[in-house]
Amino acid sequence: RGFGRQSNKGNNNNNNNTNTNQQSKGNGSGPQAPSPTSYQLSPSPLTPSISNTPRSPALPQTMSTNHAASSENVAPEPKPAKVPYFFREQCAGLVVKGNFMTLAQKPIYVELGEWLGHQVVEQYRLLESQLKIIQEKDSTGLPICSPVSCPTMSAAGQTYTWLDKDGKPDRVPASQYIGRLQKWIIGKIEDQNLFPTGTVTVAPMSPTSSSYMTAGGSNTPGTQTPIAAGPTTSNLPLSTLAGSELRDWLGKASGFPEHFETDIKSIYRQMMRCYAHIFHAHWLDPFYNLGAEKTLNTCFIHFVTVGKLYRLLSDKDLEPMQPLVDIWIVQGLLPTEVAVAQSPAAPGPPAPASAGRLKTYDADVPVGTAS
């Protein structure tokens, strides 16, 4: 029986294997078909490969086979620069109507030098009233324009430097720049040699034209009599070689010195930089928040009208505020002839605009001058 049981068990195993083989043969003559869940398509040489296909701009992002890599190579589109509020037409209003040609035009019986001297003093008075606003203290106890809020004297990406005693440019905070500049301008205005306030019938004599009125008599040359120079072969014009009696300059008839025109242009250029800084750094706060932006616009358009009419400002000086000037020209508030007006003080064609865009400008006045 023992052998029989083992024999039967072995026969049963053989029978099971035989039945399994027969079922396999009955289902098909080939190998067993894979199930749908485990089916995988083997790569065929005829199937196109799209792994390296570049992404088409017209296709959606989901169709890119390498979206992460392709997005890194695409440069982001630059955002359009925001136009400052004061360069927008709705913020270019004034407190008065019309243009300022009536206030800028020289009266018939007033000498040009006398008129420009008056205009420079008046324009500084108007600018000073606007500077006082940014010099007021805010809630922090500091002035609105302080070394913390304005570490440099800048406007529209341009930085203005101050010349120290050695003539080297020095970057100073805007408040310090403006403070030095105010002292310098006041010193110029109060200089009786530059801005004479008394009645003068003749121009002051040049140091080279010494008087013959000496102790020896009105007709006797003294020790300070200039000695005549010998012959010269210089090609300079006679008006340059001659004394101040033969030379002519702006304001000579009213007693202004020979360098008067150069000085008032320098003063006007520095005041222009103050206006540019006020607009670019402080227009929103405090002027707009206080509702004083129209007053600022009115002072500035008056300043520009005088500066362009008499050639006290160049195109480069106006670059930081040119968009606002263009708005006023289109509106008729600033007549177009102002931009190309010929100054009697400086005849000739207007100076061409500078081709270079300088980013740093010197103050043209040393610190020692302002003290």
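Just so you know, glycine gets a Cβ as well, placed from its N, Cα and C.
Note that the structure is predicted; figures quoted are calculated from it, not measured.
Here TrEMBL gives region 'Disordered' for one range in the set 120-147, 148-175, 232-259, 344-371: that range is 344-371. Ranked by how many other Cβ atoms sit within 10 Å of their Cβ, the binding-site residues His277, His282 place His282 at the bottom. Annotation for Cys145 (Zn(2+) binding site): spatial neighbours Ile134, Gln135, Ala174, Ser175, Ile178, His277, Ala281, His282, criterion Cβ-Cβ under 8 Å with sequence separation of six or more.
The Zn(2+) site is defined by Cys145, Cys150, His277, His282, and by the 8 Å test on Cβ atoms against their centroid, the other residues of the chain that qualify are Ile134, Ile144, Ser149, Ala174, Ser175, Ile178, Ile278, Ala281. Note on Cys150 (Zn(2+) binding site): other Cβ atoms within 10 Å of its Cβ, all shown chains, come to 21.
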